[in-house]
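So the structure is just underneath, and the comments pick up after that.
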Amino acid sequence: MSDVLIAIMGATGTGKSTFVNLVSGSQLPVGEGLRSCTTEVRSSQPFELLGRQVTLIDTPGFDDTLKTDTEILKLIASYLANAYRENKKLRGVIYMHRISDFRVGGISRRNFGMFRSLCGDNTLANVVVVTNMWSEVSAEKGAARECELATDAALFKPVLDKGAALLRHENTFASAQAILGRLVANVPLPLQIQRELVEEHKALEQTAANEELKTQEILEAQRRHEEELQRQREAAEAAQRALEEQRARDLAEAQRQREIQEAQARAERERVQRELEEARRQEEERLRQVQLALEQEAAARAAEEERLRQVREQQAREAEEQEEARRRHQAEMERIERERSDGDCRIF
Ligand SMILES: Nc1nc2c(ncn2[C@@H]2O[C@H](COP(=O)(O)OP(=O)(O)OP(=O)(O)O)[C@@H](O)[C@H]2O)c(=O)[nH]1
Ligand SMILES: [Mg+2]
């Protein structure tokens, strides 16, 4: 029988089953897609390490895609309670965390919260937080994140302060063995959930883990509610934006239409203006022509009057000359008459 029992916990897809298979030679199913893979608590085949028989307990992560958190808690809690009742005590608990996660999001935090409430504070000396997937990040980034994780009061700092260790898993057999080597010689300690269920005979609903689950569920409901509110806010903002964009487009279109109409009106005004100009110019030209004709007519009339005046003068002159000639002729005739009369007298 194994004398060393070590549980592996952590969020789904963090490499728990891979770790178990690597070091124990088991063939537990390993996930490939995004779906959770391990949905039951499974034991590895026992293997020898440092002269001891070791069995690893692979657990499903909370936030499983197929099971609710309550179902997962029931599975893990009943497995651990049964093991404890059978006097199979845990010498260690490993919490797996991907160093490649660039953000420790809600799922990781919830899983770690559940992990803490399952373990309690008194067993933290037997806990190792294992970071893996180091091949997925640069050494500098990984080291910086490791430092952040170790000093984050909402994450690993409290457990490290209370005796837990933080170790790197290099995804090699030797690395896995080295991690387990830190745990195999531990004094077995009951986890909080085991004490509560077995020693204190609490119902699962009365345990700290269940309490944590409820808190997490409330937080999750709040988060979803806030997400929904945010979604609605964003939808309202998007609708408002769309409305404003439409209004801006309508305004721009109205402005464009106004400009077109103004341009048409301006062109029409200019056309009328040009026609008026042309008509005025033609009228002026016509008037000028009329004026010219009148002037020419006046000039012709003046010339005619001048000609008539000259004719009249000529006629007057001729009349005068004729009168003069007549008078001279008459004077001549009178003279001749007088001379003849005078002659006649002398004859007598
Ligand atoms: N690069 C790298 N990949 C790993 C490592 N460990 C596990 N993986 C990969 O991560 C994926 C998930 O591994 P699993 O062992 O199924 O993870 P799990 O924690 O058991 O997941 P669940 O059973 O769903 O809770 C698989 O594709 C593994 O090949 C590691 O150390 N480095
Ligand atoms: Mg698994």
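Heads up, the Cβ atoms here are built off N, Cα and C, so glycines get one too.
TrEMBL: automatically predicted annotations, no manual curation.
What TrEMBL says about this protein:
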type     : residues : note
DOMAIN   : 6-95     : domain 'G'
REGION   : 224-262  : region 'Disordered'
REGION   : 298-348  : region 'Disordered'
COMPBIAS : 302-348  : compositional bias 'Basic and acidic residues'
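Mean model confidence for the domain 'G' (6-95) is a pLDDT of 90. Taking H, G and I as helix, E and B as strand and the rest as coil, DSSP gives the domain 'G' (6-95) the counts 26 helix, 23 strand, 41 coil. When Cβ-Cβ distances below 8 Å are used as the criterion, the region 'Disordered' (224-262) is approached by no residue of the same chain that is at least six residues removed from its ends. Across the compositional bias 'Basic and acidic residues' (302-348), the DSSP tally of helix, strand and coil residues reads 46 helix, 0 strand, 1 coil. Secondary structure of the region 'Disordered' (224-262), assigned with DSSP and counted as helix (H, G, I), strand (E, B) and coil, comes to 39 helix, 0 strand, 0 coil.
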